[in-house]
């Protein structure tokens, strides 16, 4: 336990140091800009680490849930735990996120603590982290495009489309398969299975919000296209009369 506290504290301090360093280097930017950079770095790092764990180091999470944690899994989980503690504290202090996102962070923290405390189910926890973070770079890119005034462009449309497709296919599609394997396997403990159901339910809450956003954006673009089409028709008719 003392070693775990030291490791988690080192992880938390490392993320805090990175944030403070970015604040120093980007003094012209606000705190959220620098926090988003930390979030982006964490997302890319965890995607790479969990992809290596799942696809190369093994074991395969769909066939071996509930197995004993490996050193590399523990390292990845501790790194991510430190980040979520940092980001949770930052979000609460600056009041930038709503209850759903705070619930996601809380579940992530407890899920990682559970896997580390039990000494097992690290592989499926890493798989969940991979699914959660795979859309993170796109989410941050969307925010940065908005801040730079470039969101209402082809780049913004591409980022949104890729985000929706990735979220639906990985977090909902692959996530459904992962949850099924978790629930049907006799190895994972009951509390881990309950946690898996909770995370999956939260993913569906996000999915409903994303679907509503997609409908609003599509309808808005269609209305603007129709208005532009009518305007072009009127202008063309006026030219013919002249």
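Even glycines carry a Cβ here, placed using N, Cα and C.
Under the heading domain 'TLC', Swiss-Prot lists 28-219, citing sequence analysis as support. Sequence annotations record features per position, and here Swiss-Prot assigns transmembrane segment to 3-23, 37-57, 74-94, 109-129, 154-174, 190-210 based on sequence analysis.
Over the domain 'TLC' (28-219), the average per-residue pLDDT in this prediction is 93. Against the transmembrane segment (109-129), the recorded stretches 3-23, 37-57, 74-94, 154-174, 190-210 differ in Cβ pairs under 8 Å, and the greatest number is found for 74-94. When Cβ-Cβ distances below 8 Å are used as the criterion, the transmembrane segment (154-174) is approached by residues 131-132, 134-135, 138-139, 141-142, 145-146, 203-204, 206-207, 210, 214, 217 of the same chain, each at least six residues removed from its ends.
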